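Reviewing the structure listed below.
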C-alpha cells in the first residue's frame, strides 16, 4: 500500500510516522557517518576492490570445478552449460561488512554434483591454490562449510545443490519452489542468502537501512551483546530489528532511526514476535517437511516458550533467537534502555555519537564472576574444542538462572587469554592452550547468604561429556580427554590475577543496571532505582560461594570458603517519572497480539493491520496517547481493539494510584 506521497508501507502494520527528515536530522546523520569513519569502521576503496577480486576468482574456480566433476557424469559438450555460481550473504550481502570481516558465501551447483564432491575435489582445488591459507573443512557442522583465507581475506563457503540441470549466471534464489526435493542441509545453506535478499526487499530505503544497521551493530559489539551462540543476537537478527524500524519510520534519517530503534525495542512486549511481513498471507509451496519448520505458536507448542521471537522473513520462517535466555534478554533490555537515554540526548545535543559508541567495561558491572576455562593440549585441538564449548555456554547460563539466589547471569561473549602463572590446573596437560569466558553474577540480597553452584556446574559438565561421547560414537576422533573445561568462582578484586591490565581496564566504567522483572502485557508498572535514602540504609550481606570441589583447584584466591560482599540493587514497585518528550516506559510496543502462551483461537489474527487515517503522522503519539501500542497491533476484531483500549486505561489508572503511594522497596 502507498500513501499519497508514495511512501511505501511495508511490513505487518502502518508506519508510526512518514515525516521526512529536517535539517537537524540530516546534520546529525552526517555526524553519525563521521563518527563511524573516525573509528576506522569502513573499508577503503582498495580493500573493497580486493574483496570483489577474491569473489570473482572463487566464482571462476567454482565453475571450473563443476565442469571437471561433470565430465565424468555427462557428455563433454553438455558440461560447459551446467554452470555453477557463488552467492554472498550475511554482512557483505547487506552492505554492512567492516574492515577485516569475513565473507559468507554459498556455492550453488546443479543436481548431479554431490556434497561429497564439494569436500573432496573442490577442497583439493582450493588446497592447490597459492593464494589459499588456513584451509579447513567443517563437514559435520549443522551447516557444513569450508573455511579459508584467500589473500588474507577470510571466507566461509557453504554448499547447496539445486534440483536443476543447470545453474546459469542469472540464477536467483528467491523462488520458494527451488526448495523442493532438497535435503535439510541444502535448505539451511540456502536460507542465509534468501533471508538477506528478503530483508533488503522489505526495507523502504536501503541506504538509510545500511547506515543505521552499521551503527547498531557497532554499538552491540561494544556493549558485549553481539553473539547468537552465547544467547544474544547475531548479525541477521540485528538486521531484522533495524529493518522493522525502517518500516515504522520509512522516511526518517538514520540518526533518528537509531533513536527510534531503542525507543521501540526498550518498550517492546516480549514475547510478542517481531515480523517483517504477514507470513499467513504469503503464498507458500506445498512442501510439508518445510511447512512444519515454520514458526507458529498456534500449532507448535514448543514455539510458545521462545522468550524473544524475531522471525526470519524467508520461507520457512523461523525464530532467529532460539538461544536467548531470561538473563541475556534482560541484559539486552537494560542496554536498550540506557541507549535510549543516550540517543535522545544526542538528538537534543547533550551527548555525542562518540559517547554512544564508547565500549563498556564489563568488569565494572559486577563484583562476582564465574570463569569458564576451555583448555586443550595444542592450538589445533583448542580451535576445535573452543567452538564446541562456546556453543554450549548458554546451557550453563540457563542452569545458573534456575538458582533462586541468582537474579542475573551475564556472560561476556569475548574470549580472554589467561595470564601466567595460571590460577588453575589442567590434569594430564603440562602446558595447555587456554581461553576463558567470564559470567557476571548479580545475586538476590535476601537469598544469597550461602550460594551453592555445585549442582549447576555438575549438570553443565555432564552435558559437555554427553555431547563429547555422542560425537565420539559417531566417528569423530577430534575430541579427546585432554580437552577439558573448568568453572571457578572469582571476585572482582582478584580478576587481575587472571587477566592483563589492558583487558581489565578497556572501556568506560559503568555500574550494574537495576534488575527488573519483565512486566506482563498491559502492565504499566516498571521498576525504578532506589532513592538515595534507601541506598544508604542497605547493609552488606556476606555469602559463601560453594562450587564443585572436584572440578577446581582450591587456592586462597578462589577458595569456596572466602566471604563475598553483595551490593545488589533494590528495586521498587513505583513507576519512574519520565522526562518531557521521552517515551513513557509503560507503553509496550508490539505489532502482533499473538501471545505464545495463548490458546490457538486467541492467536489466529495474523492479518495485516488496517491503516489508521492520520492527517498529521508526526503527531501520532499525541493524538493516540497511551494507545500508541495499538498503532501496529494486528487484531482485526473491533471488540478485541476495544478490550485492549480498556486494559490500557486500567493500567494507566493503576499507575496513577501507584504513584500516590510512598516508595515501597522490595527485594527481587
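Just so you know, glycine gets a Cβ as well, placed from its N, Cα and C.
As annotated in TrEMBL, region 'Disordered' covers the listed stretch 506-539 rather than the other ranges in 472-505, 506-539. Farthest C-alpha pair in the ATP-binding residues 89, 90, 91, 98, 102, 103, 104, 156, 217, 226, 235, 236: 20 Å apart. The predicted model assigns the domain 'Poly(A) polymerase nucleotidyltransferase' (11-203) a mean pLDDT of 93.
For the domain 'Poly(A) polymerase RNA-binding' (361-416), the DSSP-based tally of helix, strand and coil residues reads 24 helix, 16 strand, 16 coil. Across the fold, the C-alpha of residue 156 (Mg(2+) 2 binding site) and the C-alpha of residue 91 (ATP binding site) stand 12 Å from each other. Cβ-based crowding with a 10 Å cutoff singles out 104 as the top-ranked of the binding-site residues 102, 104, 156. All protein chains considered, the CB of residue 91 (ATP binding site) has 22 other CB atoms within 10 Å.
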